[in-house]
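Each remark here refers to the structure printed beneath this line.
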Amino acid sequence: MNRSNETSPMLGFVLLGLFAHPKLEKTFFVLILLMYLVILLGNGVLILVTILDSLLDTPMYFFLGNLSFLDICYTTSSVPLILGSFLTPRKTISFSACAVQMAPPCHGRNQRPHVVMSKAAYVPMAVGSWAAGITNSVVQTSLAMRLPFCGDNVINHFTCEILAVLKLACADIPINVISMVVANMIFLALPVLFIFVSYIFIIATILRIPSTEGRRKAFSTCSAHLTVVIVFYGTIIFMYGKPKSKDLLGADKQDLADKLISLFYGVVTPMLNPIIYSLRNKDVKAAVRNLVAQKHLTE
């Protein structure tokens, strides 16, 4: 590639956001702000009750609290900047902040809470999940940030999404492509296959429930869980697993579609997680009521 226009990323990047679609900026600012507040409130409440209520000291709620912590950390690293991009036409981000944001959003989620196990088993599982995800993030980010960049370092996205950053590279990126393919197999293909097989056994078990009402409640719960799984993994597979062929929608429409799709796994799914997995759960509702009652008694 021509490296005559190569520039140093150390001065930072410029995020365009929805610069080309100003009519959408106010609408998305309000929607994303509301969703972010729901994320902080819902996941924060879940973390609080799992810590304070001894009845929720189980593997299931340990993993759900872990997931809520991950959702808060991940969205906090990106959503404030997304909101800021709607208020300023060209949002500048430093090299180091861009590197932090570039971490792929897969680690910490490949967990199965509905299993009877001891703390000696499920704590190492969570630690291993975080370690694998962080390692993948460090590898992907390091490989990307070592590349030479061309032009004026303008990223056509809300945040430093890794695919958008790689478009600025002045060099060939075969190592980056290979590492992302391997990561996609480990963190996307294998979990999706595991979930698919798990749901086959779950559905088979539900069908053996004798009562119609019992089957209806079980299917209702599973369908809600499956919706979150499809939204999260479906959008990520589309973003990171689609072939890099000619965009049928055209460059501008495809860029807008990629930005909106990234909002689903970056904002919508973390908002749905506490609602689907926990706040519809009677144990969590009871724990929240007890927490509120205790607060009133102490006043």
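The chain as shown is numbered from 1 upward.
Any Cβ shown, glycine's included, is placed from N, Cα and C.
All TrEMBL annotations are machine predictions without curation.
For 10-277, the entry in TrEMBL reads domain 'G-protein coupled receptors family 1 profile'. Over the domain 'G-protein coupled receptors family 1 profile' (10-277) the predicted model carries a mean pLDDT of 81.
What TrEMBL lists as transmembrane segment is 28-49 (among others).
If you look up TrEMBL, you'll see 61-83 (among others) marked as transmembrane segment.
For 120-139 (among others), the entry in TrEMBL reads transmembrane segment.
The transmembrane segment annotation in TrEMBL covers 186-207 (among others).
Counting only same-chain residues 6+ beyond the ends of the transmembrane segment (219-240), those with a CB under 8 A from a CB of the stretch are 104-106, 109, 163, 180, 184, 188, 191-192, 195, 199, 202-203, 206, 258, 261-262, 264-265, 268-269, 272-273, 276-277, 280. Sequence annotations record features per position, and here TrEMBL assigns transmembrane segment to 219-240 (among others).
Here TrEMBL flags 260-279 (among others) as transmembrane segment. Note on the transmembrane segment (260-279): residues 32, 35-36, 38-39, 42-43, 45-46, 61, 64, 67-68, 71-72, 74-75, 78-79, 105, 157-159, 161, 224-225, 227-228, 231-232, 235-236, 238-239, 285 of its chain, located 6 or more positions outside it, place their CB under 8 angstroms from a CB of the stretch.
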